[in-house]
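*Asks:* Submitted below is the structure of interest, expressed as structure tokens.
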Amino acid sequence: MNAHELWQRYQTYLLSDADTGLILDVSRMAFTDDFLASLEPAMQRAFDAMERLEAGEIANPDENRMVGHYWLRSPELAPDPAIAAAIRETVKRVTAFAADVHAGAVTAPGGRPFRNVLVIGIGGSALGPQFVADALGGPNDRMRPFFFDNTDPDGMDRVLETLGGDGLAETLAIVISKSGGTKETRNGMLEAEAAYRRAGLDFSRHAVAVTGAGSELDRTAEAGGWLYRFPMWDWVGGRTSETSAVGLLPAALQGIPIGDFLDGARVCDILTRRRETLRNPAALLALMWHHATGGSGSRDMVVLPYKDRLLLFSRYLQQLIMESIGKELDLAGAVVNQGLTVYGNKGSTDQHAYVQQLREGTNNFFVAFIEVLKDREGVSLAVEPGFTSGDYLSGFLQGTRTALSEKGRESLTITIPAVTPRTVGVLVALFERAVGLYASLVNINAYHQPGVEAGKKAAGSVLALKGEAIAFLRREGAPLTAPEIAAALGRPEEAETIFRSLLHAAANPDHGVVMTAASPLARSRFSAR
Ligand SMILES: O=P(O)(O)OC[C@H]1O[C@H](O)[C@H](O)[C@@H](O)[C@@H]1O
């Protein structure tokens, strides 16, 4: 296509919406009108399915659950008045709690104000809060946000050292877990509790829980007399929980106007309920994913926001999309191994890293550019006559889009006016809807994650075996190799697991395991005190 044809194509498909401020350009995706026509019946069925989902159908059949994240910003749509009331009540309680903390009506013991918030959670209980905190936070935050989002001891130490013992005295800890039983989060909570204790503080007077009623975490918080408990509901998935208390509480405490955030999601929901495919940006996104990947995940989506504040968006989207779309079976039970791989950081930074491959290497991707029109508050410096840093950022986005297109590499561009609580809400809702519609197009359940359990179960057996091996070594005394230990435990097939576990144990002072290294390494001997 020549420049004139591309300009025509750009105008033909350009979708812009005044309420959300969204502009979506799919002109650099090489779909045909026939493609759109061929998928139109399936898209209409996807809209039907979405309407049933929003009306409260069991849209997550494997877990026998409704899927209600859209109600969180439009409670009047909830199929049950009790659900609507619970949503409204929770937003009110979140707002009131944050206001009380800010006003000093809720304080740490001794009347010390809470100045920091430590969020302890993982996956859907961390990625959204982290994205929003980074996108919308700054030096004027009401409270400074910190995160434990892993069971990495050094990672937690680093956060605690940054906070310092005295900082901890002014830190509110929010433990977030929908299930209330996630081990990483449980460990983070125990590590935090111990850190507070070392600082002479009572964790329970600093702790808040966001979790399902009656969960292990809920019971711990209740028994411990924690400051507050906020609910999570089984009809909200972890990765779509950013507009529930999971996302709202940390954001409100940080000082982010959660009403604007919810409103952005709500207006985007209205937009993405449109049944005219070409006027619905979530439907268009889903169609583009289908076009680019043949409806089978054959290409990766590289998310490139040209804005530092949106750096964590690709990480957030990775869970939202890959945990939703990456499925072995379709709804009919056939093996499909679906997926849509997502990666990316930010432009123009990534232009100095992997964009070389995007332009010239394997053509196994398409790019989702995220463009933000507003450069900064106020006027910018002219870094050379007539041009600002922001002009460069914008120019680099356009340049990369053109350079990719020239080489037959596809891209779409999502433009928002500025990074605000409202537009961040729009982006979250846009992709939530796109995921749901796309899942319908390829006939999978977007709302369960059966594959995640396998790794957790395997980790449980690994830990049990490690415990057995160390206990055996303590009884035994003499240094032994992993196969010898495995054989003695009656588990000869587990030599590798035992070797790897003891290699780790010997690198740390916790278990008294000593390794006498051999060559080859796998013949090393272990003993334990
Ligand atoms: O919120 P939680 O119940 O602690 O779950 C945290 C995360 O853990 C699991 O492994 C799931 O795969 C995620 O979808 C979830 O967001």
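Placement of Cβ uses the backbone N, Cα and C atoms for every residue, glycine included.
Found this in TrEMBL, in case it helps:
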ACT_SITE  Glu323  active site, proton donor
ACT_SITE  His352  active site
ACT_SITE  Lys456  active site
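Are these features on the surface or tucked inside, and what are their neighbours?
*Replies:* The number of other Cβ atoms within 10 Å of the Cβ belonging to Glu323 (active site, proton donor), over all protein chains shown, comes to 21.
All protein chains considered, the CB of His352 (active site) has 9 other CB atoms within 10 Å.
Other Cβ atoms within 10 Å of the Cβ of Lys456 (active site), summed over all protein chains shown, number 11.
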*Asks:* I need the CA-to-CA distance for Glu323 (active site, proton donor) versus Lys456 (active site), whole Å please.
*Replies:* 15
*Asks:* Express the distance between the Cα positions of Lys456 (active site) and His352 (active site) as a whole number of Å.
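*Replies:* The separation of the Cα atoms works out to 37 Å.
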